[in-house]
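Engineer: Quick one: structure below, then a few questions.
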Amino acid sequence: MFAMASSSLFTLTILLLFLCSSIFLSQADPICRKTEDIQDIIIKNWVDGKKDENIQCIGAKFGEKLPEEEGKTAKLSPKIPNPSDCCSTLTEKLSGAIAVCPRGTCEFATKAEVAQSAGAAVLLLINDDKDSLPIIDCPSNKTSNITIPTVVITNSDGEWLSNAMGGNKKVELLVYAPPRWIVHPSVTFLWVMTVTTVALAAVWSELAASKETEEHYDELQPKKSPKAVKEDDEDEIVEINLMSAVSFVITASAFLLLLYFFMSSWFVWVLIILFCLGGTQGMHSCITSLVSSKYKKQKVRLPAFGEVSVFSLVILVLCLVYATFWAITRKQSYSWIGQDVLGIGLMITVLQLAQLPNIKVATALLSCAFCYDIFWVFISPALFGNSVMISVAKGDNSGGESIPMLLRSPKFFDPYGGYNMIGFGDILFPGLLVAYSFRFDKAKKRGLREGYFLRLMIGYTCGLLLTYLGLYLMNGHGQPALLYLVPCTLGTIIVLGLLRGELKELWNSTLDDTRAKPSSVEA
């Protein structure tokens, strides 16, 4: 009995010693945050009492976290210590100041320890790269008791700060970490704008039909019959077939890789010029198709163009000036308005020129787009180290300048700024199907309540909502919108066609075939 008691006591003693040593070691080791827990940080700054632009930066994985509320921190003066690299004991105290040190020479943690021992309240590191921010990892192969916050800023922001401090001016910094919105409330504006664009593009031919017919009768010489006018309109339409639907994945993927590997400032300019030309044509087409033909009767003869409407020429010049102004001011805070107007005009025009003949082609096209979007957002990081789609959209390889082929709206009242964005493909591909449903309903002489169009618009709207829900659930990671939009639109028309007994007709026949036969099923 005594032996058993002694053995139990010995075992209990060993367990207590083990627990104590574990607690001691856990207190001695630095608290190392996960990458997703790294703080986004705002630095407000004043030079001689005058407020300047905020600096956006990130915090380290170690050290104390900064407060989330601006009122819980104070303005502090930045100081460049001696030695300036913060790799050895400083010659002066930095009590309550922000130590400003360049990256390099020694570990991040060593710099933080040196600054902390000198009494600094915050360590501010200047990165080597002009625009990027590195992840400041935890100390390696040693324990540490770093408690002060450590922050890294870009080299360009560091140069500005160094110049301000070197000019005998009073510089004050206020450092805090307001929480980011995962899905910003202003995304509602982008959602409404996107849904409205799809709806307008689908019904545009109906809005402009009477005016276009009137224009044909009044202006064309010799005058043509309605049948000839119809044939002229159809000559301008590009009907998508199975081959073009399948080849989309290869062509789009090759172009995306080209952007990813060879994106540069000149490449972006090529895309900007192409976007401006397309946007100009789109705006011109939309405006002239809506304005009554009585303003288009005056004509002028131009070399190489022949006889053109004076009104159309004036509108074209104005649209070109508008697009040029946007290109010059594209980095201004208001430039998103110009980009969205040009983009919406371009997409409405594209959806008038390109049309789906039936659901069979729609299924091939949208299925390819569905796989394309998922691969380049979710699977490409395993092959290329980064999400190719997200990197191209953000302009990671072009100095931060993103390509203009997207709609965007600013994150109003967000201290970090930034934009909510949606690519043209997420509008055009489902938009082709929505436009087809509108034409099908028109051929069958069905109203909104009986047709497919309204139900597909509801499906598209729900698909966008699911996209933003996915963005929230995945903590802000970029989402392939077609992952949600394709099932909500293509799935809707297939299931509804199956229930109505019209799937075979939707699948194979063209709209001309549909016009020839009366509708046998009422919704």
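Note that Cβ sites are derived from N, Cα and C of the backbone, with glycine treated the same way.
Nobody curates TrEMBL annotations by hand; they come from automatic prediction.
Not measured: the values here are computed from a predicted model.
From TrEMBL, for reference:
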type	residues	note
SIGNAL	1-28	signal peptide
DOMAIN	84-161	domain 'PA'
TRANSMEM	240-262	transmembrane segment
TRANSMEM	268-292	transmembrane segment
TRANSMEM	304-328	transmembrane segment
TRANSMEM	334-354	transmembrane segment
TRANSMEM	361-379	transmembrane segment
TRANSMEM	416-440	transmembrane segment
TRANSMEM	452-475	transmembrane segment
TRANSMEM	481-499	transmembrane segment
Engineer: Under 8 angstroms, Cβ to Cβ: which one of 304-328, 416-440, 452-475 has the largest number of such pairs with the transmembrane segment (361-379)?
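Structural biologist: Between the stretches 304-328, 416-440, 452-475, 416-440 has the largest tally.
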Engineer: Quickly jot the same-chain residues contacting the transmembrane segment (416-440) by Cβ under 8 Å, restricted to those at least six beyond its ends, or write none.
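Structural biologist: Tertiary neighbours of the transmembrane segment (416-440) are 40, 42, 56, 178, 180, 184, 186-187, 189-190, 194, 197-199, 201-203, 206, 240, 252, 336, 343, 346-347, 350-351, 354-356, 358-359, 362, 365-366, 369, 373, 393, 402, 405-410, 451-453, 455-457, 460, 463, 481-482, 485-486, 489-490, 493, 506, 511, 514.
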Engineer: Would the transmembrane segment (268-292) and the transmembrane segment (334-354) count as touching if the test is at least 3 Cβ pairs under 8 Å, pairs 6 or more apart?
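Structural biologist: Yes, since the transmembrane segment (268-292) and the transmembrane segment (334-354) share at least 3 Cβ pairs closer than 8 Å, they count as touching.
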Engineer: In the same chain, who gets a Cβ under 8 Å from the transmembrane segment (481-499) while lying at least 6 residues past its ends?
Structural biologist: 359, 362-363, 366-367, 369-370, 372-374, 422-423, 425-426, 429-430, 433-434, 437, 452, 455-456, 458-460, 462-464, 466-467, 470, 505-507
Engineer: Apart from its near flanks, which chain residues at least 6 from the ends of the transmembrane segment (304-328) lie with a Cβ under 8 angstroms of it?
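Structural biologist: Residues 219, 272-273, 276-277, 279-280, 283-284, 287-288, 291, 295-298, 335, 338-339, 341-342.
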Engineer: On the 0 to 100 scale, where does the mean pLDDT of the domain 'PA' (84-161) fall?
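Structural biologist: Mean model confidence (pLDDT) across the domain 'PA' (84-161) is 86.
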Engineer: Quick one: DSSP breakdown of the domain 'PA' (84-161) into helix, strand and coil?
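Structural biologist: Grouping H, G, I as helix and E, B as strand yields 17 helix, 14 strand, 47 coil.
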